[in-house]
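In Swiss-Prot this protein carries:
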| type | residues | note |
| --- | --- | --- |
| DOMAIN | 8-234 | domain 'Radical SAM core' |
| BINDING | Arg17, Arg68, Thr99, Lys160, Arg262, Leu263, Arg264 | GTP binding site |
| BINDING | Cys24, Cys28, Cys31 | [4Fe-4S] cluster 1 binding site |
| BINDING | Tyr30, Gly72, Ser123, Met194 | S-adenosyl-L-methionine binding site |
| BINDING | Cys257, Cys260, Cys274 | [4Fe-4S] cluster 2 binding site |
Amino acid sequence: MASQLTDAFARKFYYLRLSITDVCNFRCTYCLPDGYKPGGVTNNGFLTVDEIRRVTRAFASLGTEKVRLTGGEPSLRRDFTDIIAAVGENDAIRQIAVTTNGYRLARDAANWREAGLTGVNVSVDSLDARQFHAITGQDKFRQVMAGIDAAFDAGFEKVKVNTVLMRDVNHHQLDTFLAWIQPRPIQLRFIELMETGEGSDLFRKHHISGQVLRDELIKRGWIHQLRQRSDGPAQVFCHPDYAGEIGLIMPYEKDFCATCNRLRVSSVGKLHLCLFGDGGVSLRDLLQDDAQQYALEKRISDALREKKQTHFLHQSNTGITQNLSYIGG
């Protein structure tokens, strides 16, 4: 039934964010401040390589061009390299990326690249080792920096770095970040702190609009770039004097959802139409046999009829997202 995934608002979906675990070994203040707590799913309960192969095959048939593997921390899965290779079996999928805390990047970047990974996003919320430790609960700053070096050495031409923008934590460190990306092709993406079910107090204390940074970048001569159809939601800025780029992800900005091009599947096989939506559509019963592909594609396409025009974060409605590891942030 191959046809491009399109919703009731004529938005086309080229991008799948696929969570492969909700386990994480970091304790970031904005995500899992008390550390990972199993939610009734054992490691054996997460999608298998065969199930991942089937779900990505179905999405590829429906026009998906990019798959991002998320968590939790994806690299904690021992079969992570096999998962990359399984996704890469689909010729229609042109980009396979991972969002990682960088814990195992120095060790494994070359193997991931060889398996077919084309993009790496690393979470780095501070360039100060002590503050990094305070935010993540792990004294791994130098290890993560070595991982970014290893990614470049492995042949990744660009590395994306995700930084959650927090008032009185890192929002005043723009000059430090800019100096870091000046000589290197790093796309540094500042992500507005988002309210989650478990993070309301933190949100009220530390949220700051990315508009503040955008105004400053424009004042300094940074130029807004056009988005490609399978790009994520970042507004990307470049500057002739910098090898790196700046991205801004501002989910509270008006019309943020108008260009939505991505869907999410959780680590237990639920399709989520929005990071902050309700419920979810189970796909797992249709991931057990190759012969189920038509039914799987139909269920995915039919589910899109229910996708809302916008999220409801402005009303502090975070849907089922209790924390950002739940369905892959």
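Any Cβ shown, glycine's included, is placed from N, Cα and C.
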Review point. Roughly where does the domain 'Radical SAM core' (8-234) sit in mean pLDDT, to the nearest integer?
Key: 94
Practice item. Measuring CA to CA, name the entry from the binding-site residues Gly72, Thr99, Ser123, Cys257, Leu263 that ends up nearest Cys31 ([4Fe-4S] cluster 1 binding site). Key: Gly72
Review point. Which one of the binding-site residues (Cys28, Cys31, Cys257, Cys274) has its C-beta surrounded by the most other C-beta atoms within 10 angstroms?
Key: Cys31
**Study point:** Rounded to the nearest Å - Cα separation of Gly72 (S-adenosyl-L-methionine binding site) and Cys28 ([4Fe-4S] cluster 1 binding site)
**Key:** 11
Review point. How big is the gap, in Å, between the Cα of Arg262 (GTP binding site) and that of Cys274 ([4Fe-4S] cluster 2 binding site), rounded to a whole number?
Key: 8
Check your understanding: How big is the gap, in Å, between the Cα of Ser123 (S-adenosyl-L-methionine binding site) and that of Cys274 ([4Fe-4S] cluster 2 binding site), rounded to a whole number?
Key -> 21
Exercise for review: Specify the nearest of the binding-site residues Arg68, Lys160, Met194, Leu263, Arg264 to Cys28 ([4Fe-4S] cluster 1 binding site), where nearness means the distance between Cα atoms.
Suggested key: Met194
Practice item. Out of Cys257, Cys260, Cys274, point to the one nearest Lys160 (GTP binding site) in space (Cα versus Cα); all of them are binding-site residues in the record. Key: Cys260
